[in-house]
Amino acid sequence: MGLEKSFILFSLLVLVLGWVQPSLGKESSAQKFNRQHMDTEGSSNSSPTYCNQMMTPRGMTKGSCKPVNTFVHETLADVQAICSQGQVTCKNGKSNCYKSSCALHITDCRLKGNSKYPNCDYKTSDYQKHIIIACEGNPSVPVHFDASE
């Protein structure tokens, strides 16, 4: 009887771990936004190789070169505050995008035309622009970088 009970408990444990385990290492949309777009510490002003230095460690050159990416050089709190600013329509037609009320320091990274994986080579461009981000959740947090203007 004890062996049967142990087998049943073990089977239940395996079943539960099968459900839970896939979600343990999964990155949330907010975490992905932070990884791909936030650089509160840095600025590309001093380095034309900024994008090349940032894209690989941030996981945007795994399997292919991400063609375009924007880094925001502001505090996370300032970027999160955009989620309560001017609501605009996203490029995909959804209504969960918000435009910053002031221009922010950003760096655009664009894949150079002759660049091919695995040697991803990016052009670095600094700007002061308004950004448009998609926000979700309660509290509302950034989950997608939609545009800059």
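Cβ atoms are placed via backbone N, Cα and C, with glycine included.
Sequence annotations record features per position, and here Swiss-Prot assigns signal peptide to 1-25.
Annotation comment: Swiss-Prot describes Lys32, Arg35, Lys66, Pro67, Val68, Asn69, Thr70, Lys91, Arg110 as substrate binding site, evidence class similarity to another entry. DSSP gives Arg110 (substrate binding site) a strand state.
Long-range neighbours of His37 (active site, proton acceptor) (same chain, six or more residues apart, CB within less than 8 Å of its CB): Asn69, Thr70, Phe71, Val72, Pro142, Phe145. The DSSP secondary structure for His37 (active site, proton acceptor) is helix. Residues annotated as active site, proton acceptor in Swiss-Prot, with similarity to another entry given as evidence: His37.
Following the DSSP three-state reduction, the secondary structure of Cys51 (disulfide bond) is helix. What Swiss-Prot records for Cys51-Cys109 (among others) is disulfide bond, and it gives similarity to another entry as the kind of evidence.
Summarising the annotation, Swiss-Prot assigns disulfide bond to Cys65-Cys120 (among others) and lists similarity to another entry as the type of evidence. The Cβ of Cys65 (disulfide bond) lies under 8 Å from the Cβ of Met55, Leu111, Ser115, Lys116, Tyr117, Cys120, each of which sits 6+ residues away along the same chain.
Remark: Cys135 (disulfide bond) has Ile82, Cys83, Asn96, Cys97, Tyr98, Val141, Pro142, Val143 as non-local neighbours, by Cβ distance under 8 Å and separation of at least 6 in sequence. The disulfide bond annotation in Swiss-Prot covers Cys83-Cys135 (among others).
Listed in sequence order, Asn96, Cys97, Ile132, Ala134, His144, Asp146 are the same-chain residues at least 6 apart in sequence whose CB falls under 8 Å from the CB of Cys90 (disulfide bond). Taken from Swiss-Prot, the feature disulfide bond applies to Cys90-Cys97 (among others).
Look at Lys32 (substrate binding site): DSSP puts it in a helix.
Note: the CA-CA distance between Lys66 (substrate binding site) and Cys51 (disulfide bond) rounds to 11 Å.
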